[in-house]
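Each remark here refers to the structure printed beneath this line.
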Amino acid sequence: DWFMDLLYIHSCHKTQESLLTSTSGFNNYRGVLNWCVVMLVLSNARLFLENLLRYGVLVDPVQVISLFLNDPYSWPAACLINNFVFLNIHFENHFRMSSGKQKGSFSELVGFLVHCINFALMLTFPAAVVLLVPSVTPVGGAFVLGSYTILFLKLYSYKDVNLWCRELSTVKAKKLSRSLSCPSAQTLNGGDRKVCYPGNLTIRDMYYFVFAPTLCYELNFPRSSTIRMSFLLRRLFEMLFFIQLLVGLTQQWMIPVIQSSMKPLEDMDLSRMTERLLRLAVPNHLLWLIFFYWFFHSSMNFTAELLRFGDRQFYKDWWNSETVTYFWQNWNIPVHKWCLRHFYKPLLRRGFSKIISQSAVFFLSAFFHEYLVSVPLRMFRLWAFTGMMAQLPLAWFVGNFLRGNYGNAAVWMSLIIGQPFAVLMYVHDYYVLHYREEAQ
């Protein structure tokens, strides 16, 4: 008995599963993640060293200026003059429209027609300038069209919210307008007094919304109590650092790969085209991730802190997306909120089905993607439009046939491979249209 007890005490085995078995319950793979990061850094360091040895240093800050100006001595360029002057004209027009409706100066029908004309001009006028003025470069044109697109979405939201306020105040003048505009409390968290309609119709309120990091208008935005200088300076440093990193990596890494891809594309060499696509996938995806952090975290948090804008949820955990739909709902929260509030739900209220409404949202997004790419390049190939509309069948396939990690891997694959494919198509078509005949 003493011997058996001794053997039992010193027993070193028990019933248990291996850690890599799915039923083991083990989920701490932090070391594997660190290993992946180390391997990624080492592999990209090798690629970067190979790039330096083959091409030398290609980073040229002066060349960046030429992306906005054909002639650096003709400052300011026509596109930037149009941008700043006509943006202010649209601000003033929209403010006068909203104020005039509230005062009863003209009917809702007249206001609706004038709004339609104003919105149409906001999209067609800058596009016409970009297409007709030779001095506007593709990058400068994209910057201008992006500014007008953001303004278009903001002012559409501004128009909708004030329309809702007028409708509610007409039905139940005090009760409903107060519930929409401001609750019983009279101050916000930051000490600012709450505003009720039509007290929001001021130039100051409108310009605050135009510069605020959101596309959805409210009469009373959540406000932070103070400006944290340390937080503000960190975001400013990140903005300056990452924009330089983006420019440097584009010049040093992306452009040589794209240039080396022109010959296989012209010869329709499928094997070489696939190899170039995979070579472009890594730098393109890295630049996209850096741009995401620079814009959605650093820049928007900097603007929000400067304006004491309280809602800082500019993105959610899109990297954990197990469906394509979840990705599009969470990687760009300002656009998602605008689409949900001003496009998707209004379509549902008008009797359209969810499938048709979702398809319409993707169609609208596809239109703006193509608008922001094809017009600055002065060519219409519909690659961006097709890529966005292809998200519908991809979302259906991933949502119905892939789950968990497989769905997440499919989302990552669509991001890593889909974007460089569209980049190659546009660059190839742009090269054929503008440079091949000159080279011959």
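We number each residue from 1, going along the chain as drawn.
Here the Cβ of each residue, glycine as well, is placed from N, Cα and C on the backbone.
According to TrEMBL, the feature transmembrane segment maps to 73-91 (among others).
Annotation source TrEMBL lists transmembrane segment at 112-133 (among others).
According to TrEMBL, the transmembrane segment annotation covers 139-156 (among others).
Annotated transmembrane segment per TrEMBL: 236-258 (among others), in sequence order.
Taken from TrEMBL, the feature transmembrane segment applies to 278-296 (among others). When Cβ-Cβ distances below 8 Å are used as the criterion, the transmembrane segment (278-296) is approached by residues 44, 47, 238-239, 242-243, 245-246, 249-250, 253-254, 257-258, 261, 314-315, 331-332, 415-417, 419-420, 423-424 of the same chain, each at least six residues removed from its ends.
What TrEMBL records for 351-368 (among others) is transmembrane segment. For the transmembrane segment (351-368), the list of distant contacts is 149, 335, 339, 343-344, 384-389, 391-392: same-chain residues at least six beyond its ends, Cβ to Cβ under 8 Å.
What TrEMBL lists as active site is H369. On its own chain, H369 (active site) has A384, F385, G387, M388 as residues at least 6 apart in sequence with a Cβ closer than 8 Å to its own Cβ.
Annotated transmembrane segment per TrEMBL: 380-402 (among others), in sequence order.
Proximity of distant same-chain residues to the transmembrane segment (409-427), defined by a Cβ-Cβ separation under 8 Å and at least 6 residues beyond the stretch ends, is recorded for 258, 261-262, 265, 273, 276-277, 280-281, 284-285, 288, 321-324, 327, 373, 377, 381, 383-384, 387, 391, 394, 398, 402. Taken from TrEMBL, the feature transmembrane segment covers 409-427 (among others).
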Query raised in the report: Who are the long-range neighbours of the transmembrane segment (236-258) in its own chain, taking Cβ under 8 Å and residues 6 or more past its ends?
Result: 48, 51-52, 54-55, 57-61, 63-64, 276, 279-280, 283-284, 286-287, 290-291, 293-294, 297-299, 302, 423-424, 427
